[in-house]
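Positions annotated as compositional bias 'Low complexity' by Swiss-Prot: 60-84. Look at Swiss-Prot and you will find 85-96 tagged as compositional bias 'Pro residues'. Annotation source Swiss-Prot lists N-linked glycosylation site at 165, 210, 581, 677, 786. Marked as repeat 'Cys-rich GLG1 5' by Swiss-Prot: 347-413. Among the features that Swiss-Prot reports, repeat 'Cys-rich GLG1 8' is placed at 538-604. The feature phosphoserine is assigned by Swiss-Prot to 961, with similarity to another entry given as support. Per Swiss-Prot, topological domain 'Cytoplasmic' is recorded for 1167-1179, and the stated evidence type is sequence analysis.
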């Protein structure tokens, strides 16, 4: 190829090639050309000249349609005189063209179709109207590829000689100067080239994209096809790649062993060797640098017309007709069309392979794509994406330029729409076929073979690898994971979901239904899809593809274009971030976003907050990440071991995070901190829990819409949900989610945002080193109670903390699981006695109270303590407050929380009282009467009386054991004796009155007389409304009672009723009218009204009501009997019994005799003590 001369600079074709290209500008569209030709020109005007230059064309023909200069005419005359038509020669040495000889036949120029070696092939293959046109015949023959139309070896050799001669005549440059005259003038670089060396034509080819002159551009493009049919005709290519062809075994370099015009296979082989080298970490065979440049330059020069890539042209000719029939050739349009159909089922494998090779070359050098290089030329220059500035290897050139331009777009710079369109196409191309990314091939080869074999189309391999990274199919190496992350950044599918074909196809139906209000290609489409994750509108395949992509987007905040646009200023200011296409080895995955969300929830006092727009985006991302722990890089990284250890069976949506929260105390420190911080964040903005919000949407809309609409949550929404957890509209999923969050809050007081903000200073001061919320609540509550009881001038707990503390206390009463100590103590009892009872609404606690006598000792003690607390502060009695909610509003709207139960008891017998509430009040009264400690008012009023009169009972009682009403019974007896203090007497009177109406309020009576009540008073006990009939029944049947303890209790009742008529409801009802008439002026209490009635009964002038008179007589008879059989309670009772006894004389005689005998013994036996002298006594 020495005839081509020296190449002046790298990547240029020979001057002879460019002479031919420019010369061809004078030719018109050749007859017989296919429907996809480049265009039309002056046609046969140059046919004679081509024949002449080619070594056989006729002489003496002019070029009528070119502007004829005197120089051009002189050149033509010289050629006519010196040259005669000559037949084609056999292959000649590299030193120069074949010898010319005359003999052209009369009357016409030399015709390729008339040559003996090609005549048969031309007649068989080419249409008849092309035979007179050498260029048409040449194009026809070199485009033949079908086996049945194989061209003979002699004809191939003739064609090659013909083309070679066309490329080696130095006189073509002068013709090119005429054809491209105006173009050369416009392109200064080409006008300055020296004349006669072929450099000017080489320059024109370099600037082919800038040629606007139609004639010049069309013919350069047209005639290039001749050269690209054989690598040996491309000047310099043979010299640069000779050794590589041999090493790679790309075919013979000696003519004759292959079809001369089909040597494009050699270029294809070299291209494959080049891309294969990039895909191997330690390639066995390396393409030389000179040949690499030559290969890429040839690919670049063939980038506008697929006819110029001979291998691809022949491999894809049928596919072009099938898929791109209406696509006009030129400017790379056919390439792009074929790329778009690359994964069609009907695409031939050989064409798909050729297209893939072409795409891999584009990945190595963006200029191999004509459309991309042309559309983005000005933008690349504008944003300094120059190749010379590349910090990375040549293999990354396309990806680097894409990222450079994407960075400009993300910074809000203007990039032309044409360039952005091209970028979109090539980003989609990289996502569709993993093999176009050498880094993926290098880093993920093993993973692809092991996990993703057979998934090579439409981006399925990349999504398969993404699935592996998510941990669904195994483990992925760090190098592969990093390569995937880099590819995702290069393709930037977050900016336009259509880039990810697998995602696009899987989610098309969801987008059409759920996201149809968002324009196609908008970045918010992905966000919309995330919002509909795990909803009825989401399909399974879309769900998987979406989460696989989001896994990588979540690890680089820059890959969410909306977040980046709204937060890049804040990130730069607060988190010291780099540019979009810059990375830092010192900044771990997710670090920027972690920084952003830490600042997002800062208060104004803490300073350095995010802008409102950025905060909204951070919240959006947090809401989306809550869907899946794998979307939180830090969480998955730090908690990988714990997830496997504790949560391997938790596979449903959202269960993994809940599992980690449930095992918070068991997690390793780093994981515990991450989960704790996330939970603390959720407490401030529960909307981060997107799944919970979705489940609770009806409740939020009906009851919490006011707080839900607030941009700043601050824990209000969760508080509202807790308050409305038992509404009829509440669904099971929402209730479970809210309860779970409450349970998690118990683990650390920081997890209750409002509580933390209100009480953090108090906790530091009063409860240091306490972490669990329940312990903090107990600590603060105890402090508040002590200050209240001691009537401290100033509370140690601040007012705002006391208010929030009350909210927390009330919330904890709703579910036994919210009181961990009680729950742990009673777990076995719950299983034994309350297994059929559901949690929530304090139902388990109520069940334990009802089975209190059967509980284990530890649980019984805890329940008793709980009841003691509830009685001191009835507002903490969840069941009472729930059942009596409306009655409290009706009867006790102004009542203090401490006196709430007292108020309800006072209104218990009102006609307006709700039966269910009345029943609940009675239950609490029964509880109170079992132990004086459960009645705070009695305890306070009788503080001095209890130790004085009931000391023996207190001494025998064990700590934390119930007294079963013994102390209250003791006080009742003292009440009858009128020995109690006035405050205590008032409280005991109320208890006696209440228990007289309902026997269940007297625990001692119920304990000792249960059998008698069942046998003697079953009908009265079964009555729904207790009005004292059971007590009356027992009094009437006193003589039938055999059990001494029961008889004693009934006698005590009689004794109590004698002390005051109010404690005998039956008598009081019967004598109510008489009391009004005869005893109205008598002050109640201390038996005064009873004495009044007795006097009225004895006074014959007073006529009492018959029922009252009958009841009074019955009572006198009962009291008389009681006086006889009742045991003496003290010395006075004993003396009275002796004096009223029928055997009092006998008793007194025995007592007197005993005294006399004792006296006589003293007289007879003398003194007992030893006698001593007076001196000793006086000393």
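The chain as shown is numbered from 1 upward.
The backbone N, Cα and C atoms fix where each Cβ goes, glycine too.
Keep in mind that what you see is a predicted model, and the values were worked out from it rather than measured.
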Other C-beta atoms that fall within 10 angstroms of the C-beta of residue 210 (N-linked glycosylation site): 14
Secondary structure composition of the repeat 'Cys-rich GLG1 5' (347-413) [DSSP: H/G/I, E/B, coil]: 51 helix, 0 strand, 16 coil
Using Cα positions only, nearest of the recorded positions to residue 786 (N-linked glycosylation site) (210, 677, 961): 961
Local confidence of the topological domain 'Cytoplasmic' (1167-1179) - pLDDT mean: 62
All-chain count of other Cβ atoms within 10 Å of the residue listed as 'phosphoserine': 12
Cβ neighbours of residue 786 (N-linked glycosylation site) where a neighbour is any other Cβ within 10 Å: 12
Number of other Cβ atoms within 10 Å of the Cβ of residue 677 (N-linked glycosylation site) across all protein chains: 16
Distance from residue 677 (N-linked glycosylation site) back to residue 210 (N-linked glycosylation site), taken between C-alpha atoms, in Å: 59
Integer Cα-Cα distance in angstrom, residue 961 (phosphoserine) to residue 677 (N-linked glycosylation site): 43
DSSP three-state assignment (helix, strand or coil) for residue 961 (phosphoserine): coil
